[in-house]
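Q: Pulled these features from TrEMBL for this protein:
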ACT_SITE  K16  active site, for sulfotransferase activity
BINDING   K16, G17, G18, T19, R20, R99, S107, Y207, K222, G223, R224, P225, H226  3'-phosphoadenylyl sulfate binding site
DISULFID  C208-C217  disulfide bond
DOMAIN    7-244  domain 'Sulfotransferase'
Amino acid sequence: GTSRQIPQTIIIGVRKGGTRALLEMLDIHPNIVVAATEVHFFDWDENYVKGIDWYRNLMPFSYGNQITIEKTPGYFTSPQAPERIHDMNSSIKLLLILRDPTERVISDYTQVYYNRVESHKPVQLFEDIVIKNGVLNTKYKAIQRSLYDVHMEKWLKHFSLDQIHIVDGNTLIKDPLPELQKVERFLNLPSRIMSSNFYFNQTKGFYCIRSDGRERCLHESKGRPHPLVNSTVLEQLYSYFREHNAKFYRMVNHSFDWH
């Protein structure tokens with residue numbers, strides 16, 4: 001009695017915002033099934049041309065009462081993804097998880113840094129990438145990805161605000177349950193995720209998941225220590241994002257506790 005369904009909900013981003021944590025935590029819910037990998041259907045042309053049946057075949061089997069969810073953080077910043085998703089399903093519900101934009105930039109850098117170290121490639125200090133000739137390097141991709149207002153504008157051309165639920169990534173890590181209960185309500189699902197589904201792992205410094213008699217933590221690549229960043233550079237980042245954040249707050253009628 002199961003079949004593969006096109007997702008009724010997509011986690012559209014943002015990269016290094018907590019998309020994997022959100023997906024794994026939602027997977028606790030009996031009415032949710034999740035795609036195992038990032039599909040990159042709507043943001044990579046070479047996948048999009050393969051068509052909707054190719055996309056559907058990458059989804060897990062589900063029962064009629066279950067919602068299929070996939071997550072690809074690259075969708076949020078993709079110029080093509082909003083229109084392509086709208087063409088597939090104009091009434092779809094979207095989940096967007098965001099965190100402090102400066103923290104997100106540092107986390108983005110950290111991931112690339114460790115990947116380069118593991119591949120024996122040369123690495124640069126954070127400050128040397130972010131600052132060029134004494135000024136902020138606003139062309140740096142990690143900074144561009146944190147301009148939430150710029151990207152959100154594209155999504156709001158195709159979707160109404162009530163179709164996009166914003167999850168506070170900073171809160172999800174510190175206290176997962178309230179954020180997940182908001183998602184349950186947004187998706188019109190019965191409340192099934194409970195505080196007993198989480199336990200704080202002192203070694204890792206974040207919450208892990210307990211469900212179906214099993215305990216699991218996010219991959220060891222998650223929660224890696226960030227480099228200590230020069231305070232002057234931090235201030236430059238805070239200052240640069242301040243106006244963008246204010247614009248984003250107005251756009252979504254909600255403010256966040258960001259620098």
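A Cβ is built for glycine as well, from the same backbone N, Cα and C atoms used for every other residue.
Describe the structural context of these features.
A: Note: K16 (active site, for sulfotransferase activity) has non-local neighbours P73, R99, R104, S107, D108, Q111, i.e. same-chain residues 6+ apart with C-beta under 8 A of its own C-beta.
Sequence-distant neighbours of R224 (3'-phosphoadenylyl sulfate binding site): residues of the same chain at least 6 apart with a C-beta under 8 Å from its C-beta are T110, Q111, Y114.
On the 0 to 100 pLDDT scale, the model's mean across the domain 'Sulfotransferase' (7-244) is 95.
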Q: My understanding is the cutoff is Cβ-Cβ under 8 Å with a sequence separation of 6 or more in the same chain; which residues meet that for H226 (3'-phosphoadenylyl sulfate binding site)?
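A: Result: E103, I106, S107, T110.
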Q: Please report the Cα separation of R20 (3'-phosphoadenylyl sulfate binding site) and C217 (disulfide bond) in Å, rounded to an integer.
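A: Distance between the two Cα atoms comes out at 11 Å.
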Q: Express the distance between the Cα positions of C217 (disulfide bond) and G18 (3'-phosphoadenylyl sulfate binding site) as a whole number of Å.
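A: That separation, Cα to Cα, works out to 13 Å.
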Q: Using Cα coordinates, what distance in whole Å links G18 (3'-phosphoadenylyl sulfate binding site) and C208 (disulfide bond)?
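A: Distance (Cα to Cα, whole Å): 13 Å.
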